[in-house]
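Structure, as structure tokens:
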Amino acid sequence: MAHAATAEGQQHPIRLYLLVWGWLFILSACSYLVDYVGLQGVLRWSLILLFMLVKAGLIVAVFMHMAWERLALAYAILLPPLAVLVFVGIMVFESGHTLGMREFFFAGV
Amino acid sequence: MPDVAPAPATEIAPQTGGWPSLVADWSADRHAFRGVSWGKAMMWVFLLSDTFVFSCFLIGYMTVRMSTTVPWPNPSEVFSLEVGGTNFPLLLIAIMTFVLISSSGTMAMAVNFAYRRDRLRTVLLMLATAFFGATFVGMQAFEWTKLIHEGVRPWENPWGAPQFGSAFFMITGFHGTHVTIGVIFLLIVARKAWRGDFDTGRKGFFTSRSGRWEIVEITGLYWHFVDLVWVFIFALFYLW
């Protein structure tokens, strides 16, 4: 049995880890290249965020074995961080307001 | 009403997957995390709380950066490194990223060998992981020294918005602390593995409980988390 998450622990072929390791290298190189070649605008942000999320997904799913844990654990751990997105939204709104006030009151300073 | 004793947990057939298993596990009036040791579950809960700590740092950084009227220093230029007369943007940061990813790779394999009870390979891979981690911290110390010499302070810097320094020192400092603690954690567990504690059931100094090979996986969870946080810092602080 190649893949097993039992009481004895996680057992997966070493090849899988090497494969993920390789992909993490490639994705990191890609995100570095985005900066190196100087991409700007929407393309830059979408590529950086895409590479970031894929790398994070690979680490959590394979290296941290979340892909083989029971759903009860996976959802307990992976769902709460979504609340962070709400916080991000609130603070984006707040920052826009602060910036507007600063530009309005300190425009000539 | 018949008084029926609850069946032992093992007799309740576990749902094997999908949403029914999620509902069954959470409504079982038993362990919600079936088959997961308390050590592993608690490490995951700790990592979840740490996720919120780092999220708050990154959101704070986002807020000051978005709300300042002063231009933000260009990280691509600030963190460039001169090699042989040419300036490479973010070169040191890229090397640090590769070092940390490599340490995650060696850690993942250490966990694998730990479950195969391969003491020698487990210890060697954990030591390699600790070495990569220490290298990472060393390069970070070099980077901090360079920036401090260039005049970056938590309240000012020569290139633009003063908040740059405070965000930089807070975020990378907190992450560097996590890496340092991780290296110490790795060395302690590697020593126990080498001594054979997990085979002989020797009691731990601190917990007075017998160690198990699973502690290698739990250490690994912490270590991969440190790498995971760096993925976000690299993208959001250095590349943004």
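Note: Cβ is positioned from N, Cα and C throughout, glycine not excepted.
According to TrEMBL, the domain 'Heme-copper oxidase subunit III family profile' annotation covers B:1-240.
Residues or ranges marked as transmembrane segment by TrEMBL: B:41-64 (among others). If you look at the transmembrane segment (B:41-64), the same-chain residues 6 or more away from its ends with a CB under 8 A from one of its CBs are 33, 161, 163, 166-167, 170-171, 174-175, 178, 218, 221-222, 225, 229, 232-233, 236-237.
Residues 75-77, 79-82, 121-122, 125-126, 128-129, 132-133, 135-136, 139-140, 142-143, 179, 186, 216-217, 219-220, 223-224, 226-227, 230, 234, 238-239 of the same chain lie 6+ residues outside the transmembrane segment (B:88-111) yet bring a C-beta within less than 8 angstroms of a C-beta in it. As annotated by TrEMBL, transmembrane segment applies to B:88-111 (among others).
Look at TrEMBL and you will find B:123-144 (among others) tagged as transmembrane segment.
Marked as transmembrane segment by TrEMBL: B:164-189 (among others).
Packing against the transmembrane segment (B:221-239) from elsewhere in the chain are residues 40, 43-44, 47, 50, 54, 58, 61-62, 75, 79, 90, 93, 96-97, 100-101, 103-104, 107-108, 129, 133, 167-168, 171-172, 175, 178-179, 182, 185-186: each is 6 or more residues past its ends and has a CB under 8 Å from a CB in it. Look at TrEMBL and you will find B:221-239 (among others) tagged as transmembrane segment.
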Across the domain 'Heme-copper oxidase subunit III family profile' (B:1-240), average pLDDT on the 0 to 100 scale: 90
